[in-house]
């Protein structure tokens with residue numbers, strides 16, 4: 001959520017920055033709401049002053065024996081009380097309308113974010129590693145994976161399209177990847193591992209920005225009988241739960257940064273993705289991801305963003321996977337992000353790079369919703385900055401390992417860093 005004080009003091013400048021990311025901020029509507037709010041507040045203050053003044057007179061009038069005048073004054077106070085209740089209701093209505101609108105407004109892009117309308121205008125930062133040149137006709141991860149235990153038909157039979165069953169060697173490799181990622185982040189990068197719920201309420205999703213704007217992308221869960229029925233949601237990412245661990249809290253500054261990680265399934269309806277990536281693991285309704293979240297001092301957040309990108313890169317380097325880093329342009333950034341880097345891994349069968357990690361600095365956008373604060377050196381409570389990043393998407397990493405490390409006979413070489421998590425197995429072979 002944007003800072004309302006910033007909106008009030010720099011409306012035109014905020015509107016201009018939002019326009020950079022394709023959002024048309026209605027300044028006339030904002031001005032109208034602000035005028036209504038100010039009018040009600042002025043009326044409330046005038047009524048309160050009048051009530052206080054008349055209340056002081058009542059005692060004096062009674063002391064002078066002027067009972068009729070005292071009663072008239074008491075009647076005035078009673079009417080003012082009624083008027084104040086109405087003014088409070090009017091102010092609450094204006095504030096609710098303003099708050100609901102603010103929840104739908106995206107974050108302001110950082111000044112360093114390149115301008116652009118969509119993904120075609122993202123900017124490449126660097127490429128790392130050289131895509132392998134194969135001397136045989138390569139297969140995609142579907143043809144490689146099915147003989148090793150990747151079962152798309154089984155997933156569809158159980159749950160419908162975009163679900164997958166893994167068994168045997170593929171299931172073990174998938175698990176090994178997640179464990180390797182967690183160990184790297186906790187033992188080398190200093191994150192604390194968490195296990196968090198996979199089902200959350202709407203307040204939790206509102207805190208990180210998925211609600212109210214992106215309800216159609218979420219899986220709903222209903223529980224209870226007719227009288228106690230409640231709606232909750234399957235998490236689309238562990239960013240939601242990890243970031244919400246600091247909601248409604250004041251963190252001592254010496255405890256910052258907080259570095260949190262979790263391995264979880266992620267559930268997404270993929271609304272609007274009909275017809276995209278219908279083959280294989282690239283776009284699933286359920287997939288695993290190892291998430292990184294950092295809660296930091298505001299002055300450290302952009303330094304931290306670069307650090308988190310490096311943490312995700314370390315996984316790709318260890319797995320010997322070619323990749324590139326791109327800066328998302330203003331028109332392609334996520335709703336809550338002020339700046340985002342995507343890491344894209346080379347997928348040989350598609351002859352292109354595909355997103356495998358997204359690392360974002362949300363600045364204080366989420367923290368304002370969450371009331372996540374820290375106490376600075378002067379004893380003042382300030383909003384923290386929150387950052388999140390994939391470290392990495394496990395299914396897409398599996399795709400990359402299968403395709404980049406394949407052999408002509410359909411076997412898969414296991415990267416050396418991953419072999420301890422595979423019981424020393426150096427190659428997956430069709431049995």
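Residue 1 is the first one shown; counting continues down the chain.
In case you wondered, yes, glycine gets a Cβ from its N, Cα and C as well.
When 112, 159, 390, 411 are compared with the L-serine site residues 237, 238, 239, 291 in Swiss-Prot, the one appearing in that site is 390.
Around residue 355 (ATP binding site), the C-beta neighbours below 8 angstroms that are at least 6 residues distant in the chain are 342, 343, 344, 396. Across the structure, residue 237 (L-serine binding site) and residue 268 (ATP binding site) place their CA atoms 9 angstrom apart. Taking every protein chain shown into account, 237, 358, 390 are the binding-site residues, and of these the Cβ with the most other Cβ atoms within 10 Å belongs to 390. Under the three-state DSSP scheme, residue 358 (ATP binding site) falls in the strand class. Note: residue 291 (L-serine binding site) has non-local neighbours 237, 238, 239, 242, 261, 262, 263, 264, 388, 389, 390, 391, i.e. same-chain residues 6+ apart with C-beta under 8 A of its own C-beta. Comparing the binding-site residues 269, 357 by how many other C-beta atoms lie within 10 angstroms of each C-beta, the top residue is 357.
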